[in-house]
């Protein structure tokens, strides 16, 4: 799948788009990290201005998964920073998509992992340990379920109910 673009996936699967099994996220995310193309099964997390559960997930073995975090779209602080991204890279996560902000951008950009976020922000998140794991989330106009597949490249981000091939 690494050599197939999101545009090619869309062109090859028009029926999946029509029936809603293949969805494109609205183009609101900035690209961070060295890995501009990534894909994998989705793990969902819902938090707000709190990064404790994000860090806990990224300390686990990623096994090529993609952590998709609904941070409520907050731009008041960063919920993902350089240290957890390094941890995610070292633990085999394919990527992280954050509906919120990141910080330590230079450190993140040095990591061999794909990261998408709304923006960067210097303020750190709170540590309340509040959030929901493995729940349906809606970000960038798209409902995403735990276990679906995410495909990202420089054209955008797709989510599919099943693993795709072209």
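Count begins at 1; order follows the chain as displayed.
Placement of Cβ uses the backbone N, Cα and C atoms for every residue, glycine included.
Note: TrEMBL annotation is automatic and uncurated.
Record features, source TrEMBL:
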BINDING   81, 82, 83, 84, 103  substrate binding site
BINDING   104  Mg(2+) binding site
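Recorded features from TrEMBL, shown on the structure.
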residue: 81; record: substrate binding site; Cβ within 10 Å: 20
residue: 82; record: substrate binding site; Cβ within 10 Å: 18
residue: 83; record: substrate binding site; Cβ within 10 Å: 12
residue: 84; record: substrate binding site; Cβ within 10 Å: 23
residue: 103; record: substrate binding site; Cβ within 10 Å: 20
residue: 104; record: Mg(2+) binding site; Cβ within 10 Å: 20
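Per Cα geometry, 82 is the residue among the binding-site residues 82, 83, 84 nearest to residue 104 (Mg(2+) binding site). The record assigns 81, 82, 83, 84, 103 to the substrate site; their largest pairwise CA distance measures 11 Å. Report note: the substrate site is defined by 81, 82, 83, 84, 103, and the residues of the same chain whose CB lies within 8 Å of the CB centroid of those residues, excluding them, are 78, 80, 85, 86, 102, 104, 107, 108.
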